[in-house]
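What follows is a set of notes on a single structure, which appears directly below.
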Amino acid sequence: MVFTITVSCAAGTVHAAIIGQTGRLCGVITIKVSRRADHALLLPIIRARSRAASPISSSSLLIMNSWFTNSVFLLFFFIKIFSTEAAPNYLFHDCPNTTLFNPNSTYQSNLNTLLSSLSSAATNSTSGFANTNAGQNPPDRAYGLFLCRGDVNNATCSDCVATGKTEILQRCPNQRVSVIWYDECMLRYSNQSIYSVMESSPSPILYNTAKVTDETRFMDLLGKTLNEAATRASAGGLEKKVAVAEANFTSLQKLYALAQCTPDLMASDCGTCLQSGIPKLPLGQQGGRVLTPSCNARYEFYPFYNTTVLQAPASPPPAAAPPPPAPVTGPKGKSNKTTVIIIAIAVPVGVGVVLLFLACCLRQRKVTKPYEVVREDQSSVNDITNAESLQYDFATIKTATDNFSHQNKLGEGGFGEVFQGRLPNGQQIAVKRLSQGSGQGAAEFKNEVLLVAKLQHRNLVRMLGFCLEGEEKLLVYEFVPNKSLDNFLFDPEKSKQLNWSRRYKIVCGIARGMLYLHEDSRLRIIHRDLKASNILLDSEMIPKISDFGMARIVVVDQTQANTNKIVGTFGYMSPEYAMHGQFSAKSDVYSFGVLLLELISGKKNSSFYQLDDNEDLASYVWKNWRDGTPLEVLDPAVGDSYSRDEVLRCLHIGLLCVQEDPMDRPTMANIVLMLNSYSVSLALPQQPALFFRSRTETSMKELKSDQSASRSAPVSINEMSVTEVYPR
């Protein structure tokens, strides 16, 4: 006799054994439960075995009749509620507004045909992938594809694509290029062919807000596990390119990872896509995923995929268990009685556990997981008048800062003064008050509002709102308690709080934030004033990039721009920007390189300009690198606890960033990859740009670099270490 109850959210089935009046097992009822879950959970509740061949007596059945009937009734009642159809879990969408089509145009007609074809293909697809196109003439031809998660069944895939077909047009009206991601599938279309074309951008990041305990060991394990999944996924066939991997983190925690590409990609392109996306995942979180149009990767501490459909490579078999004891044979009547007792207890207990499990699942459907999306805000802020929800009353800000009192002043930059404040609800804020006589004026203020309101990333300072009141122009930010990096890095005592592990995390955080600005935000952002005083540290010493007031927006296909108004700080500015006003993403890479060398050495770049040895920080590091004494530049405040390989690799990356030719500098995407993977080989650095040859030459270049002065007062070389410099 066997009684078994099995519940599987992923597979969507419930089995219940039925015992007839004669006491024999008459059959098993299987109920299909239409409910999607983030992970497959197979829950064996009760397994009661009996070797008795005889039926169970009617009198014995009466003992369990009431419990069984009521429990099964409640079970089926909960299953009926539980089987309510759930919509696909929306994650993110991207639709750049650079390419639009007119309503009722030929392209719209072709697009509607395309989406209908994809939806139909999903109904019959066995691979969870299809691509097609609609239209004859290339300008109006629409190309599209969908990719369903490797473990979902055909019905789930079809439902997800059908939902995406409708929702993508609602979220991206009149866009010729769009992509939408759900937990179960991805759908995209374009006015250009996308078949077999690897596309790794945009790449939104989602992560679990819970932190791991042993971050160093975890990151090592995570890298190996994700790389294993990525390698196996790349080797997949034309039907599917998906793989999972599992690894034990602790005795109670198991790491699950999944990597998947669209199967139309070549193996090398699939590997490139995954290897460029995986390093973008945040450090130390208990879960995360990266999404791109061509691939995706995810990891969690729970099985978020159907472990029956997708199986990790088999682990070594455990040691053989000792043979079970021989069964004890007893009288026939006693065996029947034992069977009745087992079933009488097992049925209500098992059904009760099932009911409890279903109730928890029902509750889980209403509770969102503690996930944060590292992406730009989906609300469009096209003008300052569209952001009323972000606007603060001037009286509120005035009260919060105690009428902008000197005691609340945090500092002053090129934009104006910054004050600490506290709102009536107790929330602490930082208020940037524009200098009314500042050359930046309302244009830069509006630029900062529009930029920062659309940007959300763990490593960017978050803007809460703004205030316009007559001549007063204010920006309201989250308050970052530990102030700026330079307060720690260049202080003899505070610098001891920055051990190597902490410095390395700060470097990685800044790199991820800059990568977001350069490639992953809707607008391509060039900071143009990246420096230690513009890196704020929160209570956990997580770096947050600040001061986007001088950022310049560059259109998607533009690689550099010229300006006759140079803003920034000498020593951090690349030679081509400071001398010729030419800036690009590689200008920020140069600034990042200087900042990285400062973090390693603990020395201000500007501190070299007061010396007579005609050398700057990059040259100082290069000289030690060339002479085989690179560790001589390491800040003594770091102490003896550091990774020699990490220090040398960071020095290597820093020297590559400060190369004179912008083409020789890596991109921020490459830098993030270099910091997270030792499998990436680094080019040999050449002698860096020696921009400031001497104090005399510096003064001459300072006077000649830009005749359209940003400020009327000349600035001496001695002031460079304490204030922002605007060349004359």
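Glycine residues also receive a Cβ, built from the backbone N, Cα and C atoms like all the rest.
Look at TrEMBL and you will find 89-194, 200-304 tagged as domain 'Gnk2-homologous'. Among the features that TrEMBL reports, region 'Disordered' is placed at 313-332, 702-728. Here TrEMBL flags 314-328 as compositional bias 'Pro residues'. Here TrEMBL flags 340-362 as transmembrane segment. Here TrEMBL flags 404-679 as domain 'Protein kinase'. The ATP binding site annotation in TrEMBL covers Lys432. Marked as compositional bias 'Polar residues' by TrEMBL: 706-721.
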Would you mind giving the whole-number mean pLDDT across the domain 'Gnk2-homologous' (89-194)?
91
Counting every protein chain present, what is the number of Cβ atoms, excluding its own, within 10 Å of the Cβ of the residue listed as 'ATP binding site'?
25
Can you check what DSSP calls Lys432 (ATP binding site), collapsed to helix, strand or coil?
strand
